[in-house]
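Asker: Here you go, one structure.
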Amino acid sequence: MSGLVLGQRDEPAGHRLSQEEILGSTRLVSQGLEALRSEHQAVLQSLSQTIECLQQGGHEEGLVHEKARQLRRSMENIELGLSEAQVMLALASHLSTVESEKQKLRAQVRRLCQENQWLRDELAGTQQRLQRSEQAVAQLEEEKKHLEFLGQLRQYDEDGHTSEEKEGDATKDSLDDLFPNEEEEDPSNGLSRGQGATAAQQGGYEIPARLRTLHNLVIQYAAQGRYEVAVPLCKQALEDLERTSGRGHPDVATMLNILALVYRDQNKYKEAAHLLNDALSIRESTLGPDHPAVAATLNNLAVLYGKRGKYKEAEPLCQRALEIREKVLGTNHPDVAKQLNNLALLCQNQGKYEAVERYYQRALAIYEGQLGPDNPNVARTKNNLASCYLKQGKYAEAETLYKEILTRAHVQEFGSVDDDHKPIWMHAEEREEMSKSRHHEGGTPYAEYGGWYKACKVSSPTVNTTLRNLGALYRRQGKLEAAETLEECALRSRRQGTDPISQTKVAELLGESDGRRTSQEGPGDSVKFEGGEDASVAVEWSGDGSGTLQRSGSLGKIRDVLRRSSELLVRKLQGTEPRPSSSNMKRAASLNYLNQPSAAPLQVSRGLSASTMDLSSSS
């Protein structure tokens, strides 16, 4: 028993052992019990040998047997202690495993709580986005309704394009006219969507009869916005041509041009440029590098680069197209002038104004020399050149060109410029002078000279753009009255162009208006003519014997009247506007009929537009 060492320590009262300390003590006790058992086994073995000896000698046998029994009891107690220690160690191991599992579960709970919080945050964010989306949808629905209404107005307010006969020359291509036929409202935007309906057989390679029907169908579907039909048609035809004729056939180049047109209308400029590059390679290899069809494809490719803002890359392509056309057609051909216009637009977007002026002036000389001064291209080129002058601050040169355009449009209708027939810009400047000298009552009213543009081509966007640009130039110069006159005239010309009956009858109406004027009742009478649906100002004819018209409206009232007139115009064109129950003194403020005699009343069968309401006699 002397070798038994128990690892017990005196602990202070109330001290609570930790789990590690208990395990350590248990292991120490177990080791002590193991040592004690070994010692007892050795003693018991010694006693057994002693008993055997005593049985032979017979001395002190009982005492030895008693010691053996005590040792066996001690061995049993030691075995019991060892079993309990092993149970405690196994229990401690199990508790440690349980605690480890408990920690794992706690970690999982923490992760689940974090995920739950993240999901809550995501749900809250999704709910906020859903709320914003619903608000945006509601706003878009309102905007859609508003745009539908504006679309109804625009349907009748679109600028009509003057139809011009196009020569069936082999120098044009189906995509050759990608630049605008009419000037854009924003002079800085020179490149715009072209006219895609030009027949492809007008290009450098004539479309075979077997492809013409397909080409017409594709153009029709593209014009209707049905690209989901037009694109598969083009691709199928392209595959058939490549299979039957080979990739390098000119028919394939033509079909590539048509498919590029459809892609361009979808604003897929990269795909369209890739197709045009393929078409260019085919045409250069089959038709030669100086063929007009190659020039047309180069021009189309330059336009696509321009639409993507790659003006530097587009300029050499356009320059090469110009060189080919000059070589094939001569330097004074109208198509050369058209290419010069396109090149000028590209240079203008790069700020190369000297080159822009040179190209426009040369194109203008070609148009005037080959097509005459009254050709619409002359006015368009002058308008473009004036826009270039405006960008450089050359306001005097721009003003001169704008006045030339308006004067030429006036001469085309009336044949000359005299005191009775003055261009609108002259009236605008006279009105400005009268405004400065405070003699409104003695001036010619806007309504009397505002009808000149009706007899001209009021649907021409060139004239309309010129009116607005010159009005903006006047406003920059501080000529507010003249600017207002031109702006009102431009606005009214657009609205007048919505009524086809008015367009065909206006010259006749103006002819009747020379002698028709309402006579005054007496010295004390006053008849007031208020603006009708499309009125721009209200005027009053004072019965003081002077026979002068006085302006009595304001610009704010004008805008309100114009806004109401647009709604009435849509209802009238849709056939839903109620007809007036009786004739009254109201009518359009243009006063085109003040000069008409009472003996020549308007016929009901004339089909008046919204801007020519019935006007009864003042008697």
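Heads up, the Cβ atoms here are built off N, Cα and C, so glycines get one too.
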Asker: Hey, which of Thr381, Thr504, Thr612 does Swiss-Prot call phosphothreonine?
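Answerer: Of Thr381, Thr504, Thr612, Swiss-Prot lists Thr612 as: phosphothreonine.
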Asker: Pick from 268-289, 312-333, 598-619: which stretch is listed in Swiss-Prot under region 'Disordered'?
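Answerer: It is 598-619 that Swiss-Prot describes as region 'Disordered'.
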Asker: What three-state class does DSSP give Ser460 (phosphoserine)?
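Answerer: It is coil.
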